[in-house]
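Below: one structure, written as structure tokens.
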């Protein structure tokens with residue numbers, strides 16, 4: 001099974017003020033910066049109805065991340081752990097997930113709180129449903 005290959009085509013691209021990893025916040029929810037997600041023309045029909053939501057999940061490819069790293073020292077810690085137990089961008093399949101506020105909807109989505117670097121390919125977008133996505137903490 002380890003020789004299985006998956007192909008994913010981006011549905012859009014991030015345009016953000018963050019050009020390098022050091023520019024980006026540790027977590028998007030701690031940022032008030034606005035970014036844009038430019039949806040590719042062939043996927044514009046998929047945006048229909050998204051305007052009904054105040055928040056969305058953005059799945060994106062961490063295109064500048066290292067992919068050969070399996071253990072890292074998490075931020076603020078001293079001991080290495082496996083990347084699956086961290087939020088580190090370096091990982092075998094560097095997929096980013098960020099819950100953002102949707103400010104404007106169209107062929108360009110304007111969002112607040114996205115931690116993706118400028119030029120990051122967007123893999124998917126999903127609406128946030130408070131009743132199923134929140135654990136109520």
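Placed from the backbone N, Cα and C atoms, the Cβ positions cover glycine too.
Since this is a predicted model, take the numbers as computed values, not measurements.
Features of the protein shown, as given by Swiss-Prot:
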type: BINDING; residues: 25, 26, 27, 63, 64, 87, 97, 117, 118, 119, 120; note: S-adenosyl-L-methionine binding site
type: DOMAIN; residues: 8-137; note: domain 'TsaA-like'
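Feature map: annotations from Swiss-Prot on the structure.
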residue: 27; record: S-adenosyl-L-methionine binding site; DSSP (3 states): coil
residue: 64; record: S-adenosyl-L-methionine binding site; DSSP (3 states): coil
residue: 97; record: S-adenosyl-L-methionine binding site; DSSP (3 states): strand
residue: 118; record: S-adenosyl-L-methionine binding site; DSSP (3 states): coil
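Secondary structure by DSSP for the domain 'TsaA-like' (8-137): 23 helix, 43 strand, 64 coil. Ranked by Cβ neighbours within 10 A across all protein chains shown, the binding-site residues 97, 120 are led by 120.
Most buried of the binding-site residues 27, 64, 118, judged by other Cβ atoms within 10 Å, is 118.
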